[in-house]
Structure formats: C-alpha cells, structure tokens
Amino acid sequence: MEVATGVGWGKRPGSDTSGGGQYNVQTGRRDGLVSLATNVNLPAPSISVSDSINAFANKGLTAIDMVYLLGGHTVGVAHCSLFQDRLYNFQNTGKPDPSMNPLLLNFLKFKCPQNVTVDNTANLDQNPLSSLIVDKSYYRKILLDKGILQIDQVLALDPLTQPTVTTIANSYDFCTRFGQAMVKLGAVQVLTGTQGEIRKSCRTVN
C-alpha cells in the first residue's frame, strides 16, 4: 500500500473490495533505501497485551488504536507454526491453552497435527461466512474464546482491552473507526524530502 500511494493512487478507497467500507489513503509516503527481513519490527503472536500496548505507544498509537488495528485479523490466515504451542504445549505445560474454545481446539488439532512437515493455515476470523470480509466478526469470535493467535485471545480477556473489544463487537461503526486507525498507522515514521524513495517495484529498492 505504501508504494502504491507514493506512486500516485490519490485518495482511493481502502479495504472496500473486502466489504470494509472506504477510507481515504494518504499519498506521498516514501519507502526506505534498505529492505532487510532482519529490520522488520513486528510483535510476536504471543506478545502480552501490556507489551503490545507499549509497542504501539512507542509509535504514537493508543491502546484503542491497537485494538482496532488488530481487527485487521478479520481477514487472512495464520500458519500452524504461529499458534501450535497453544494446541499442544501452552507455556511449556504440555497441555493446550485452557482459554481456547474446546471445539476450536479439536478443529485446529485436525488442521495442525504434530510432527508434520506441512505448515497448514487457519483463518484468523473463525466465522466461515465472513473470513474474507472486513467486519467486526473477529471481535465477536474472540469473545467466544475463538481467537487463533494468542494475542487475539488475550485481547478479549485482558481488562485493559476487553471493554474496547466488547464495545466494537456491539458497534455499528467498526469500518469507519478501523479506517481512521489505518490512516493514523500510515502516518507513523513517515519519510519526507530526500529521505527514502518512491519505489518502482514494491518488492525491491530502486
């Protein structure tokens, strides 16, 4: 998205093709001159809520911003390797994560058996009718203990974020607020002037 906006998308709808409504994508963002996997700063799927809040705060984003942005998990998949510990050896107990819905646990064990070389995937939103649609279904599912990643589930359990999750699950303006949070995220650490470049290809530096 960053590359496309820099090249000149203008103000176009974001997430609309997935049913998530529209929000204006700001243009002009530049990319760095170096692109290395080792420089990627993404939180682990097992990060705690408090550590996640601090990580977002370091980027100028609030806890509420964080909860809305994690709503991006309303679409997409996760590989078994990212949550397999929740199925078989949660926090080195040799047992599953007790917070996971038992029916979901059995389903995921079928999808993600132990000691196999194939890294299967599971939908992050466990509503089969909306796993490809940007909506608030993700929040409703994690309130039913059907979060796939550990951070998804603890989001609905931790007192720091549970009220916001409940509010969103019962709201009518998720898509609007999600769009606002995405625009705010897009304004984090923007490169301007002679910093960075507008890439000709998203996958590589010029």
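Glycine is no exception: its Cβ is also placed from the backbone N, Cα and C atoms.
These features come from TrEMBL:
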REGION    1-23  region 'Disordered'
DOMAIN    1-206  domain 'Plant heme peroxidase family profile'
COMPBIAS  7-22  compositional bias 'Gly residues'
BINDING   PRO43  substrate binding site
BINDING   HIS73  heme b binding site
BINDING   THR74, ASP125, ASP135  Ca(2+) binding site
DISULFID  CYS80-CYS112  disulfide bond
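What TrEMBL annotates, mapped onto the structure for a quick look.
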{"residue": "PRO43", "record": "substrate binding site", "contacts (Cβ under 8 Å, 6+ apart)": "ASP51, SER52, ALA55, ILE151"}
{"residue": "HIS73", "record": "heme b binding site", "contacts (Cβ under 8 Å, 6+ apart)": "LEU124, ASP125, TYR138, ILE148, LEU149, ASP152"}
{"residue": "CYS80", "record": "disulfide bond", "contacts (Cβ under 8 Å, 6+ apart)": "LEU108, LYS111, CYS112, ASP119, ASN120, THR121, ALA122"}
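Each of the binding-site residues ASP125, ASP135 was scored by the number of other CB atoms within 10 A of its CB, and the lowest score belongs to ASP135. Within the model, the domain 'Plant heme peroxidase family profile' (1-206) carries an average pLDDT of 86.
Cβ neighbour count within 10 Å across all protein chains ranks THR74 highest among the recorded positions THR74, CYS112. Same-chain neighbours of the Ca(2+) site beyond THR74, ASP125, ASP135, judged by a C-beta within 8 angstroms of the site's C-beta center, are, in sequence order, GLY71, HIS73, VAL75, ASN127, SER130, SER131, ILE133, VAL134, LYS136, SER137, TYR138.
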